[in-house]
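Inspection log for the structure reproduced underneath, given as structure tokens.
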Amino acid sequence: METELPPYIVYMGTHSHGVNPTSDDLEKATKSHHTLLGSYLGSEEKAKDAIFYSYNRHINGFAAILDDIEAQEIQKHPNVVSVFLSKELKLHTTHSWEFLGLERNSGRVPSKSIWTKARFGEDVIIANLDSGVWPESTSFSEYEGIGPIPSKWRGIWQSVVKDKVRCNRKLIGARYFNKGYIALLKSINISTSENLFTSRDISGHGTHTLSTAAGSFVSGVNIFGNGNGTAKGGSPKARVAAYRVCWGEGNSCTEADTLAGFEAAISDGVDVISASIGGRPSEYFKESISIGSFHAVMKNIVVIASAGNDGSNSNTGLSLSLGGLPSQKFYPLIYGLDAKAAKVKDPLKAQLCETESLDPKKVKGKILVCLVGDESFTLDQGQEALLAGAVGMILVNNVSVGNHGFTAELHVLPTSHLNVTQGNYVLEYLKTTNESAPATTDLEFDKRRVKYNAASGTSMSCPHVSGIVGLLKNIHPDWSPAAIHSAIMTTAKVQDNNKGPLLDWNMTKATPFEYGSGHIQPNRAMDPGLVYDRTVNDYLNFLCAHGYNKTSLQLFYNKPFKCSKSFTLANLNYPSITVTDLSSKSVTVTRIVKNVGSPGTYKAYVKAPIGVYVYVKPTILEFTKVGEEKKFEVLFKPKFVGKPKDYVFGQLKWSDGKHYVRSPIVVKY
């Protein structure tokens, strides 16, 4: 079959007929398209045959079948903005579930997808401890074919008459816990006009995380034209319940309210608790997430909590703005210092792009470069740049802020955020010249409003995992939280989409300190082969090794418990191995793996950390039935006394040829 010419789009900007065109206006616009193209093809009749879309209402342009030479010639026309191939686009809201392999980029769900196997998480109950829920969101509407509320649900709908918050068979529960927050306000003598007696989400954080974990399919979603596609959660057919424990503009979540939320969720019969909240590390018994999680695990409830956003240095920050800059147009750069208003005496104010520090005549039509200091509020800097006439902004961390990580920021104009190392290149460039995610911010000057938003950080990674856990609970309802945890960790990958090693912000090879066990692979997690399981006794022995005595453990567990004298912190049956005190002799750790797949023979493969000998005993494990457990030891010995002084990394992988059960190894002398 003979190939046809490709389709091109000829874009001509905006129509002159305004936003409410008459039928005559539309006809004239189409006629102008025929005339323009006809001048290149030889006649308007040929133009009519070639054009298959005439954009005659708001967008001025047309789509037509053209050859390369014709397209190049039309591009030269003074009324034509651009001519480009009509490339194939795919439906999506974010690439999350495509990236994780649950669907293809066409939106098609493969037969081997965990979505198919788990029936999209049907009837699993996912609880969310956060800032509440916006119940009217389409993400929480009852989907076609939804059945009755599962009989295991024992929760309530804590409604407020004035608030009109109502439940349904998708959003089956909503409660609020405010007493800790009220007590906090009283303790610092602060009053509030906020309604503290509602589960309704005002900030949007809880609605976002809950819909990410288990929102229903919602088609036609976009953010100011970006991310067009279908929004959905990881377990789109799971039931959801919201537990509001966070209040105020800063989303304050007290330990008291958080723990109350945990207790209620456990009592209500949920399967998964997602908590995108946290604080500074504390002793296990002095921190509500740890306590709540332990009690949930004892009831076979899986808890997923975010780790916080204070990690290693990250890469360039992401800006989501209403209109990006045209890719084929260049704009001059100007440094805030060089754009200083004449009346401003302190040059630092202009460097930081503070209020009324810039001269609009110098800034207009340019990309403004602003420093970010310790007390800078980047959204205010963006507003100041916009008011001064900038078309875009580059934020550069100053030395005091350095290379600290940052997440996506919700700016009002196209913006990039660079750390101090990256930013120095921009500042050095400026010295050599004389030219000195659509989303809403909830700031007073920002009037944009959307039903769906974009956000980042561990608050958002947490519900992604929660959604995957919901799917695994559907497929393996008898698995313990530890087994599910193990399945997700040991099947993760440490390669990027080009099969190369994962890189950190500086484009150097990353380590488990950056990526943990790696990128999760849900489709592999549903059949991991082996898992590192744990019981309550394992956790209690871990606490013993951590220094807790039997008296405190009995109060905690409400049962007598005798600590194992041979148990060490390194021997917790965890899917990774960490040795932080490698002696001049050797260190041996033990692990137990359980077969959750078909009978098989597994062989150990070790990639030893630099400067360390690693020996596994035995190197072969044979399993004849499901549920069978095998114990093995891993011996670590330094090649040179006193080394390695810094952390070094390796891995242990068990494989039967079909399954690959990988554990990261971290060692330090």
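Every residue gets a Cβ built from N, Cα and C, even glycine.
Copied over from TrEMBL:
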DOMAIN    8-92  domain 'Inhibitor I9'
DOMAIN    121-320  domain 'Peptidase S8/S53'
ACT_SITE  Asp130  active site, charge relay system
ACT_SITE  His205  active site, charge relay system
DOMAIN    349-424  domain 'PA'
DOMAIN    445-497  domain 'Peptidase S8/S53'
ACT_SITE  Ser459  active site, charge relay system
DOMAIN    571-667  domain 'Subtilisin-like protease fibronectin type-III'
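Per DSSP, the domain 'PA' (349-424) is made up of 22 helix, 18 strand, 36 coil. According to DSSP, the secondary structure content of the domain 'Inhibitor I9' (8-92) in residues is 34 helix, 23 strand, 28 coil. In this model, the domain 'Peptidase S8/S53' (445-497) carries an average pLDDT of 84.
All protein chains shown were included, and the count of other CB atoms within 10 Å of the CB of Asp130 (active site, charge relay system) stands at 29. In the structure as shown, the Cβ atom of His205 (active site, charge relay system) sits within 10 Å of 20 other Cβ atoms. His205 (active site, charge relay system) and Asp130 (active site, charge relay system) are 7 Å apart (CA-CA, integer value).
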